[in-house]
Amino acid sequence: MEFSRFNVDTLMQITNRPSLVFTEGRGMWLTDHRGKRYLDYLQGWAVNCLGHSPQCIVDAATEQVKKLINPSPAFYNAPSIELATLLTDNSCFDRVFFANSGAEANEGAIKLARKYGKVNKNAAGENRYEIITFNHGFHGRTLATMSASGKAGWDTMFAPQVPGFPKAELNDIASVEKLITDKTVAVMLEPVQGESGVIPATREFMQALRTLTRERKLLLIVDEVQAGMGRTGELFAYQLSGIEPDIMTLGKGIGGGVPLAALLAKQEVSLFEAGEQGGTYNGNPLTTAIGAAILKELLKPGFLQSVKDQGAYLRQQLLQLSEKHGLDGERGEGLLRALKLGRDIGPKIVEIARDLEPAGLLLNSPRPDLLRFMPALNVTKEEIDQMISMLSGVIAQIDKV
Ligand SMILES: *Cc1c(COP(=O)(O)O)cnc(C)c1O
């Protein structure tokens with residue numbers, strides 16, 4: 001079918017999309033409306049942690065859709081209890097609330113922290129509600145999570161913003177300490193900043209943050225929407241630094257492609273009372289059955305080790321590529337990595353790579369001087385080699401002009 005036959009103007013224009021309509025996906029590959037194939041290093045924005053339509057999702061979804069889709073969040077259902085049990089058994093948290101997007105899970109984390117600050121008031125008997133977040137951080141696109149994000153311009157885009165999110169600098173503990181007031185209740189961060197270009201918080205910084213927040217009776221909230229669920233080679237990114245946060249949010253990989261997210265908290269912080277938190281689709285058996293199937297795959301012996309191994313291999317290949325083309329090296333954790341281009345050729349690379357024939361390559365350039373790689377966690381060495389060879393050709397082509 002011709003692209004012009006699709007009536008794309010019926011959709012709101014929320015981003016500039018290429019003139020392609022994707023129709024099928026399997027593993028690391030996508031197919032468009034003309035039948036052209038693409039090696040996909042976006043994977044729905046780090047969402048398809050086992051690639052496009054893995055067998056475990058096909059099976060779990062098919063079975064669950066026949067059994068029960070949604071009895072309403074007013075009743076218990078078995079898949080949500082199974083997934084919550086798997087999550088709490090394999091993390092430092094005790095309680096789970098399921099949501100449908102990362103932003104919604106983060107809204108829940110913000111509400112939970114504010115509730116904590118209401119129950120644990122300051123010395124003057126006032127509610128504590130300020131949550132220190134970070135410049136260049138990303139927490140979602142709802143009003144509160146936009147305010148919590150540290151993206152330039154986001155504070156005025158839909159003003160007035162939600163107050164109470166002073167911004168510190170990642171990996172600078174003094175910048176956090178300086179912002180603490182008698183209204184502060186929590187510090188919230190991504191253990192690896194994703195959208196800002198894959199910038200890991202250091203182990204020392206995470207440990208200093210845990211010590212500081214304990215001393216000042218503040219909650220530590222980790223937004224693992226992008227870095228959680230095995231992406232870094234640990235099941236959760238906070239495990240890289242050997243600390244235990246009070247609250248964690250998950251999204252993206254937890255659903256393997258379907259809308260699922262989670263808010264996790266330690267028992268003493270799980271302060272919601274009946275009526276304070278909810279949502280029509282939250283914890284429905286269809287998406288949580290898929291989430292449970294995914295998590296069981298990630299927990300299979302050797303799986304996380306293979307993420308570490310493939311991450312190390314991707315790192316090595318990116319470093320070689322960087323050397324070959326005179327680029328600026330790479331950074332990241334596990335299979336969330338960035339190639340530093342040293343000049344603003346990212347958008348150009350993305351475009352040329354996508355238009356390669358006979359098969360295209362899908363890449364992401366979160367900043368003009370950077371490429372980000374978010375392959376499926378079960379990506380093979382061959383699929384890494386193939387990407388590197390395609391990318392090398394694209395960079396050589398740009399170097400020539
Ligand atoms: C993607 C992302 C979000 C937002 O998740 P949505 O599902 O798009 O609402 C929040 N935090 C981080 C760290 C993310 O990467």
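Including glycine, each Cβ sits where the backbone N, Cα and C put it.
Under the heading pyridoxal 5'-phosphate binding site, TrEMBL lists GLY102, ALA103, PHE138, ASP223, GLU224, VAL225, GLN226, THR280. Listed in sequence order, the residues of the same chain lying 6 or more apart from THR280 (pyridoxal 5'-phosphate binding site) and placing their CB within less than 8 Å of its CB are SER72, PRO73. In three-state terms derived from DSSP, THR280 (pyridoxal 5'-phosphate binding site) belongs to neither a helical nor a strand segment and is classed as coil.
Under the heading N(2)-acetyl-L-ornithine binding site, TrEMBL lists ARG141. Same-chain residues at least 6 positions away in sequence with a Cβ under 8 Å from that of ARG141 (N(2)-acetyl-L-ornithine binding site) are, in sequence order, ALA103.
Of all Cβ atoms in the shown protein chains, 27 besides its own fall within 10 Å of the Cβ of LYS252 (N6-(pyridoxal phosphate)lysine). According to TrEMBL, the N6-(pyridoxal phosphate)lysine annotation covers LYS252.
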GLU224, VAL225, THR280: which of these binding-site residues put a Cβ within less than 6 Å of any ligand 1 atom?
VAL225
So which of the binding-site residues is most packed in, judged by how many other Cβ atoms lie within 10 Å of its Cβ, out of ALA103, VAL225?
VAL225
Is GLU224 (pyridoxal 5'-phosphate binding site) helix, strand or coil when read with DSSP?
strand
Same chain, |i - j| six or more, Cβ under 8 Å of GLN226 (pyridoxal 5'-phosphate binding site); the result in sequence order is ALA46, GLY102, GLU190, VAL192, GLY194, GLU195, GLY251, LYS252, LEU336
Sorted by position, what residues of the same chain at least six away from ASP223 (pyridoxal 5'-phosphate binding site) have a C-beta under 8 A from it?
GLY102, ASN106, ALA109, GLY137, HIS139, MET188, LEU189, GLU190, MET248, THR249
